[in-house]
Amino acid sequence: MTKVLLGFMGVGKTTIGSFWDDDFLDMDTMIQNRIGMTIADYFATEGEEAFRQKESELLQELMSRQGHYLISTGGGIVTSAVNRSLLQKNKHDNILLRASFEVLYDRIKRDANTQRPLFLSKSKVEFLELYQKRMSLYQGLADHVIDVDHKTPEEVVALIKAISCNESPGLL
């Protein structure tokens, strides 16, 4: 069954995928390949709404694929009610990667290559508000939650593999 990774930007969804096998699908990378530019550039030229539309189209496409995949969503996937509805139907196979605000903020701030438009355009207070809003939207969309604050990517991958074998929901 396809597993879907959810979580706020910077939580490590793409990093986890780099430790996964060939059946990993990173939505941000797939979108960048399709639009022929970085997400930051697309935000600047086309706007967030146009990006979210591309994101929704791809989510619908990936959720209808047959096979066993690990899909990494973008951090803002939950801003669309259509996406939340689609993800709710897959709740049993969704995994929320959760980190504290301070860990995420520091991680993104330290990333010299960050091109995250919603981080670069906001103050820390505004970014906290975005974090809180998004975290409330993630609630109820995943039967599995992994707190990643003090875990290595390898530990998170091991937990995801355990979830895939066991299928029991819970907080890890």
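Heads up, the Cβ atoms here are built off N, Cα and C, so glycines get one too.
TrEMBL entries are annotated by machine, without manual review.
Taken verbatim from TrEMBL:
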- Gly10, Val11, Gly12, Lys13, Thr14, Thr15, Arg116: ATP binding site (BINDING)
- Thr14: Mg(2+) binding site (BINDING)
- Asp28, Arg52, Gly75, Arg134: substrate binding site (BINDING)
Length of the line joining the Cα atoms of Gly10 (ATP binding site) and Gly75 (substrate binding site), in Å: 8
Least Cβ-crowded entry, counting other Cβ within 10 Å, from the binding-site residues listed as Lys13, Arg52: Arg52
Asp28, Arg52, Gly75, Arg134 filtered to the binding-site residues whose C-alpha is within 10 Å of Val11 (ATP binding site): Gly75
Proximal residue to Lys13 (ATP binding site) among binding-site residues Arg52, Gly75, Arg134 (C-alpha distance): Gly75
Binding-site residues near Thr14 (ATP binding site) (Cα-Cα within 10 Å), from Asp28, Arg52, Arg134: Asp28
Cα separation, Gly75 (substrate binding site) to Gly12 (ATP binding site) (Å, whole number): 10
Listed in sequence order, residues with CB under 8 A of Gly75 (substrate binding site) and six or more positions away: Gly7, Phe8, Met9, Gly10, Val11, Lys13, Arg134
Inter-residue Cα distance where the pair is Thr15 (ATP binding site) and Arg52 (substrate binding site), in Å: 22
